[in-house]
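So that you can see what the record holds, here are the features copied from TrEMBL:
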type	residues	note
DOMAIN	17-86	domain 'Release factor glutamine methyltransferase N-terminal'
DOMAIN	126-203	domain 'Methyltransferase small'
BINDING	G134, T135, G136, S137, G138, D157, N200	S-adenosyl-L-methionine binding site
BINDING	N200, P201, P202, Y203	substrate binding site
Amino acid sequence: MTRRMGSPFTGQSIESARRALAARLKAAQLDEAEQDARVLLGAVLGLDLTGLIAQAARPLTAAEASRLVQHAERRIAGEPVARILGTREFWGLPFRLSEATLVPRPDTETVVELALEIFRERNAAHPPRIADIGTGSGAILLALLHEIPDAFGIGTDLSLSALVTARDNAAALGLADRAAFVACSYAAALSGPFDLIVSNPPYIPSAEIPKLSIEVREHDPHLALDGGNDGYDAYRALIPQATDRLAPGGALVVEAGQGQARNIETLMAAAALSLDRPPKADLAGISRAVSARKMPP
Ligand code: GLN
């Protein structure tokens, strides 16, 4: 089936295949053509960057060449590298992805950072209990469990398929005995109390979704993107639920879309949560993580 396209890279050295692939991706107007070419080639060959350099002169087999062409065609058709490989690094940890999970974004590491800052100020006797609402691949929850060795966490999702992926990720990261996953709407099936509740909910206004890049609009699950008319549907649902399930002194930390932080704080304050610190900015300077605390009665 791939014979037509199978030929271009066959017999080429690793280095010339890398250059040819980068040129093809560049010609398709892909911004990260060089980087994508290295990662896709490395994945086909099972080599990291050092390996690609060390073996630069080694020719590609026909099977490798044909897999590389398939990867190239998918990337050129708009599929993100993470989806092609089925895996993405988040917080320095590998996460397996499925069609039901968002590709974890570097921006979302801001949520982990803020949650850890808040957690480190806490002095409680018991091991921390964490909930992640809409856990997807489990990225936020598992990053936190990785950082807080005695914590226990529950991730929820509407998608069973996402939960299977999250559970597999927990097992692969050696966190299965401290992570549980449950299918429900937001926190509906949870009782708490939790010391920390985190979430990266869907927050894109519905009408904006068709304007997103092809990588996002055609490959990320819309359930994980679509925040309703104004983008705030999920916050309106989850903030009161989370508030009910927080322990006194516990914190809620959520991701915000660009320009949404102030309105999210208003929703948190309306739920009688206390805004005790400013939102945390991501590397682009966007207020990305918003937190509030439940005050003791
Ligand atoms: N950060 C994602 C994006 O910009 C959106 C994820 C979400 O809605 N939570 O595409």
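For all residues, glycine too, the Cβ spot is worked out from N, Cα and C.
Since the structure is predicted, the reported quantities are computational estimates derived from the model, not experimental observations.
Feature annotations (TrEMBL) mapped to structure.
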{"residue": "G134", "record": "S-adenosyl-L-methionine binding site", "contacts (Cβ under 8 Å, 6+ apart)": "T156, D157, L158, Y186, S199, N200, P201, P202, A224, A234, L238"}
{"residue": "T135", "record": "S-adenosyl-L-methionine binding site", "contacts (Cβ under 8 Å, 6+ apart)": "L141, G155, T156, D157, A162, L163, A166, F181"}
{"residue": "G136", "record": "S-adenosyl-L-methionine binding site", "contacts (Cβ under 8 Å, 6+ apart)": "A100, T101, L102, P104, D157, A162, T165, A166, N200, A224"}
{"residue": "S137", "record": "S-adenosyl-L-methionine binding site", "contacts (Cβ under 8 Å, 6+ apart)": "R88, F90, F95, R96, L97, S98, T101, L102, P104, A162, T165, A166, N169"}
{"residue": "G138", "record": "S-adenosyl-L-methionine binding site", "contacts (Cβ under 8 Å, 6+ apart)": "F95, D132, G155, T165, A166, R167, N169, A170, A179, F181"}
{"residue": "Y203", "record": "substrate binding site", "contacts (Cβ under 8 Å, 6+ apart)": "L225, G227, G231, Y232, A234, Y235, E255, A256, G257, Q260"}
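Under DSSP, G136 (S-adenosyl-L-methionine binding site) is assigned to coil, being neither helix nor strand in the three-state scheme. In the structure shown, the C-beta of N200 has more C-beta neighbours within 10 angstroms than that of any other entry among the binding-site residues N200, P201. In this structure, N200, P202, Y203 are the binding-site residues from G136, D157, N200, P202, Y203 whose C-beta falls under 6 Å of some atom of ligand 1. For the domain 'Methyltransferase small' (126-203), the model's pLDDT averages out at 97. Largest CA to CA distance in the S-adenosyl-L-methionine binding set (G134, T135, G136, S137, G138, D157, N200): 11 Å, whole number.
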